[in-house]
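S.K.: What TrEMBL shows for this protein is this:
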type	residues	note
ACT_SITE	307	active site, proton donor
ACT_SITE	381	active site, proton acceptor
ACT_SITE	409	active site, proton acceptor
DOMAIN	25-146	domain 'Alpha glucuronidase N-terminal'
DOMAIN	150-469	domain 'Glycosyl hydrolase family 67 catalytic'
DOMAIN	470-695	domain 'Glycosyl hydrolase family 67 C-terminal'
SIGNAL	1-19	signal peptide
Ligand code: BDP
């Protein structure tokens, strides 16, 4: 080989070694560097005994081998019987022999169908570790949990864990189009290569299923809510089937979005009226056709009569008619309809924030058993901060599932580091008071508040075909955190950040402590430099990239930022109290009382619920104008802090990921200043006041910021 070739090969090898780190997400399985823990693991784990023979048990065994061999740095023996002690015995309940079963029989009472047990037992006086559950998928979850304990350097001595997911449907919503563009996607194109399917199974599909299983995700909606009926044609269903065959082994069910007008577009019918027998039959036949191919097909997600999508209202029917008609079609096969409550109309002069509740709440108790209503976390649209949606807890006879957005449509795309589990946790912990104190949103979505049979959490995916899946290395944490919270909505965002950092980067405390702090602060930081004090939806038109508080010329009034901030000479904010649109009345009275009064309303939501004067006194004694300007500045300063934190982390991180994050934080810093300057210059026209001391002078004029155009912003 010439020396040039050698250099080239070296570059190639080192490139792929680095690139793999990014690609491997939180399943790095780096060798344990903490000698004390390495010693413990090596003493406690001598062999693996795999008791299953299904494809899924083979996957579990392979994962365990991969993880243990890499982390322990030596090859762990795989045995067919449990000879000796300190084996990790893996197998579902039905594969355990009676002796083994006897030792853990009672533990099975503590788990549900998807739950797992990890336990130290003594068998014929020999210590063993058992990982089991009621089926192979549950065992796979247990294997990932066990590996996570090692990845995060937890002691495994005398383990006794019984853990079950608290929700039934833990699902990603891909807003992926058939041409592979991704609506609100910032990590490349869609993973689904429809042109090469069904014959070509991209390794990515397998890796996707694997990482999702590692966090307990059990469903995926492959297609955009702004649906294309073609996905329901045989040509595409064959491709969907191929994906379902891959995902099934990892416990992931496939779902599709159903375009309500499909009976017309691909069925040749004249109408899609849900009360028309031919239409109902068309859907029944379609369901039959799908289930013939995919016996465990999950069901449909539907966006109807929302933002121009067709729906039952086109025929004078309502959401109940539409949802129940589809529910009947999938019910014989155990399918579910996830019907979205994201509705608002340009013909409705009512406050947009009130419309979903006004329309859906009266439907309570009218949906069929296999319908679950999917509600966004807040009443507008995935803003950096929104008070919880008033529908949570307000439908006592209807299961409601959460829709979070993992992709950062309104939070700086895949360019800004924003750790979303903080946002998710804030919403899940919110008390709706709908069934008395303690009626948290988490209890609504896990079904425990009203004892629903169905429950679920959906997350709009931030995944694309970028090498690192999510565009920003730290956006991987949002996927991870979503999965962990879908499994257990009571988990703490700090604990999740800790797990993720250790599994993804390093267990070194000098790295973990500052970087975790940075992650946990990052959500408040984005609120500070974009939409402090309850401001919302002031992003630029269409693509939602960058500030656009001045936009007021869109055809639909409720798409204009000016509709939301209502800045004028007298002040700023949307009066949703009794003196305004009375949106506060949609909450339980205890919550209503708090939100309705500007003095008791949490300051973080002030301008969401109240229009207050520029001189309004904030809790810290500042006037609203000064306080707001200082918040914008604080946001910018905090991003600068993040840069410092990251720069200090250099020695704990591989070069490639270090540099990526460093560059992205550089952009975030620039853009935080852009947000600050553009918003303050614009609002200053109304406040007529000087910037307070401590706020940097804007770098450009308002006219300059208004002139910026982004015709090719991604995801639009
Ligand atoms: C908004 C997005 C739009 C989606 C819509 C939805 O801007 O692209 O189609 O929500 O959730 O956030 O249906």
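For all residues, glycine too, the Cβ spot is worked out from N, Cα and C.
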S.K.: So, in DSSP terms, is residue 381 (active site, proton acceptor) helix, strand, or coil?
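M.R.: Reduced to three states, the DSSP call for residue 381 (active site, proton acceptor) is coil.
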S.K.: 10 Å Cβ neighbour count around the residue listed as 'active site, proton donor'?
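M.R.: Looking across every protein chain shown, the total is 14.
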S.K.: Which ones in the same chain are close to residue 381 (active site, proton acceptor), with CB under 8 Å and 6+ residues apart in sequence?
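M.R.: Spatial neighbours, sequence-distant, of residue 381 (active site, proton acceptor): 342, 410, 537.
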S.K.: Just to be sure I understand the packing, how many Cβ atoms besides its own are within 10 Å of the Cβ of residue 409 (active site, proton acceptor)?
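M.R.: Step by step: centre on the Cβ of residue 409 (active site, proton acceptor), count other Cβ atoms within 10 Å, giving 24.
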S.K.: Using DSSP reduced to three states, classify the residue listed as 'active site, proton donor' as helix, strand or coil.
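M.R.: Assignment for the residue listed as 'active site, proton donor' reads coil.
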